[in-house]
Amino acid sequence: MKKRVVLTVLLSMCLLGGCKGKELTDYEKGMENLEKQNYKEALENFREAVSDGEDAAKAWRGIGISWSGQGAFDKAEEAFLTALDFTEKAEKNLRTDLSLYLADAQYHQKEYQACIKTCDEILDEKKEKNGYFLRGSAYLHLDEYKKAEKDFSKVISGSKEYEDYLDIYRIYQECDLNADGAEYLELALEMKAKSPEDFYNRGRVYYYLSEFEKAEKELKTAWEKEYAPAAVYLGKVYVEANEPEKAKDMYQKCLKQDELKAEAYNGLAYCSMEQEDYEKALEYIQKGLEVKDREVNQALLFNEIVVYERSRDFASAKEKMQQYLAQYPADAAAVKENYFLQTR
């Protein structure tokens, strides 16, 4: 959800903050740290920006994004509301941007009615795709299926972006409505592949439909056309097809691509874990963490806990879980797993 709503930080720097060539202001330092996903450092930068009297709305916006990045959505909500208080009605684009972040923070706290109200206000001003997506997602969690379908139909109306269909499917998946969500995946397959990325996305769609042979075919086409990320999903397909050696081979190929290394190590760790080679799995996880890919680190750290659990080293699993929850307090799956660990 968060990835869908959060706008490109670098673009935001230029549009909202202004790009300068000399010494950076605290606000600009914060935006640079957001781009690097250094959320704690960014938070301090934006707080300094507020103290120094820089643009309050934009600084509080940065504070909100920093809290969202750390999973502290209650604090993010407060920051976005504060930012909105500092805006003028004429600043429509900024107000829409802030309101989308606010709705996202409310959604993550399961404040679905509040999220819907915020989206209503957004959509009264502008027919914003992300507004329909967030509102539809909130409706689905409230079992208001017809309203959800109506909003989701607005999201995909005329859309040629596979991600729109995949995002909607994931919301149905969250609500244990996989079969209903699969209808959107089927709609995505009506689009014809024109580029290597299209073949990759079609492979992902088939993967979520558990049609692994078709997924393999599409992903292989993307891989042969030198679309590197396809290798990661090929590895996942082989894992699901119970072909661990093929999966490991694909992940080894991913190691040759710097941007895929962390995901490759995570995949190799998973394969080793499934083969009950826990020492090797931990070795791969450590190598993955050394890459310092913030987008993959969370999965690596969670899998580290799982490895310790499966090897029945519950003391280490508990210790790692506490460290994990300190970093990712909003991870519901981890919170649930923590309850299990406390009984061991």
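Backbone N, Cα and C define each Cβ position, glycine as well.
Positions annotated as repeat 'TPR' by TrEMBL: 57-90 (among others). Only residues 6 or more beyond the boundaries of the repeat 'TPR' (57-90), in the same chain, are considered here, and those with a CB under 8 A from a CB of the stretch are 2, 6, 16-17, 26-27, 30-31, 34, 37, 39-40, 42-43, 45-47, 49-50, 97-99, 101-102, 104-106, 108-109, 327-331.
Computed over the repeat 'TPR' (129-162), the whole-number mean pLDDT of the model equals 97. What TrEMBL records for 129-162 (among others) is repeat 'TPR'.
Taken from TrEMBL, the feature repeat 'TPR' covers 228-261 (among others). Long-range contacts of the repeat 'TPR' (228-261) within the same chain, counting only residues at least 6 positions beyond its ends with a Cβ under 8 Å from a Cβ of the stretch, are 196, 199-200, 203-204, 207, 210, 212, 215-216, 219-220, 222, 267-268, 270-271, 274-275, 288, 291, 293.
The repeat 'TPR' annotation in TrEMBL covers 262-295 (among others). Residues 36-37, 232, 235-236, 239, 244, 247-248, 250-252, 254-255, 301, 303-304, 306-307, 310-311 of the same chain lie 6+ residues outside the repeat 'TPR' (262-295) yet bring a C-beta within less than 8 angstroms of a C-beta in it.
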